[in-house]
């Protein structure tokens, strides 16, 4: 069946412009209000998913059924994005590790969109209310090359802009470099070019079909090798035992990689299932044997995950591994069922099993990033259950893992457990007291394992002066520097004349030592404060703060002066003290 007719170029450019403006707006928000950043994440997702779907639909974008499905998909993914962004905001104290949920969704959203859009694109050409497997196959593979072509075009466009800016920079004209690297220009221009690339891909059906054919030929060549690896590995297990697999610590990941590579190559060889792929009898039997091995390997991967969960509880990594094992098991069973004899086409039942399994993956992705069944929440509840069951002690690192590594759900479970302990609902008195003491200690220490060492215990993103104030603190340290340098504990400012010009510079001293650089500020010709330099050697801000308060800091003039050659400055470094 021919490709869907494309729309005019202005149609694609208008979508790209709207997407670019949305992205630009989101980039300008910075550290805005919590609800606003979450709303921006939702709207950007809505624009990207909905816009890309319309571009790929092309002339079929007027189909009401496909349009309704696309709107539903875009709204669903926008809602999930908004919730994930809401969850990944800082908790106000300590560190929130909800960012792993955002990372998971950034990958899961691409998989969800890839699968769902293939179904939506197949909707206008359905027959008797059913989607044609040929259309699902064609769109699933074509979309990969269309998007790769669009990304390739964007890459070439960016390289030309870099060349443009570099040429004029040699002439002392930095205007183009500043323009091309501005957030607004990058957001709008790249999405406009991406839209043009999508249209080019949709128009070039013959080229895309040729690329798809080349890839499928590669699948036909590589499948016997992949099948041989799976068979030999499975046959070696009875002689080597399973202990060597468990001792690797990442056995599930390795087994799943082998399973999904075989699955990808098998589907590439099966194609749309219209005819039996040509293979000699021996190679076909080898592939069929590998299907049996895939089920064995999936069971082993599931057992490996079960052992880890039983021993250490659920973590986000094991949660996602369990979902992948479930998908691998279902596909292995479907492939095993497809081996039954008397089918018109070899593995012909995959035409009926692949679509529902793909939709099941979509459902799992939605549930895994929902408030009810996400990795952080399941992991937090698992760790609390292990604690109450006596599988971990009060001094176990799992308690700190619950408080500091599982984001909002971990903090909520931690606080809920603490409240129940304080109410005397759990454990014996001695065990309860020990656990409460450890929980209080973890709260005081924060996510980095140590309480603030400054006796003033300054809260994050606050400033104060040691000695007389040289100026208003907010005028010396800009907002971005304050967030970068003092986001875990407040900082102290100390005025000292470092260049003997009669005007003080200002050192920024974090009250927690967590870096290897020490910034200092000086006034420029407009009497404005700016970063004048940094001490790059490892330092102890605690010692500097104490010495500054006691007035025991000594200014030392360098023995050897620096050398300047053109724009390069050569600074001598003193030898390390023995």
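Residue numbers in this text run from 1 along the chain shown.
Cβ coordinates are placed from backbone N, Cα and C, and glycine is handled just like the others.
Taking TrEMBL as the reference, the stretch among 102-123, 388-409 described by the feature transmembrane segment is residues 102-123. When Cβ-Cβ distances below 8 Å are used as the criterion, the transmembrane segment (357-376) is approached by residues 76, 80, 83-84, 87, 98, 100-101, 104-105, 108, 111-112, 115-116, 118-119, 316, 319-320, 323, 326-327, 330-331, 334, 406-410 of the same chain, each at least six residues removed from its ends. Counting Cβ pairs under 8 Å that are 6 or more residues apart, the transmembrane segment (214-239) and the transmembrane segment (66-86) reach fewer than 3 and are not in contact.
In this chain, the transmembrane segment (185-202) lies in contact with the transmembrane segment (9-27); the count of Cβ pairs under 8 Å, excluding pairs fewer than 6 apart in sequence, is at least 3. The stretch in 33-54, 144-173, 251-270, 282-307, 319-337 that contributes the largest number of Cβ pairs under 8 Å to the transmembrane segment (66-86) is 33-54. Of the Cβ pairs linking the transmembrane segment (102-123) with the transmembrane segment (33-54) and spaced 6 or more residues apart, 3 or more are under 8 Å, so the two regions touch. The transmembrane segment (319-337) makes contact with the transmembrane segment (251-270): 3 or more of their CB pairs lie within 8 A, with pairs spaced 6 or more apart in sequence.
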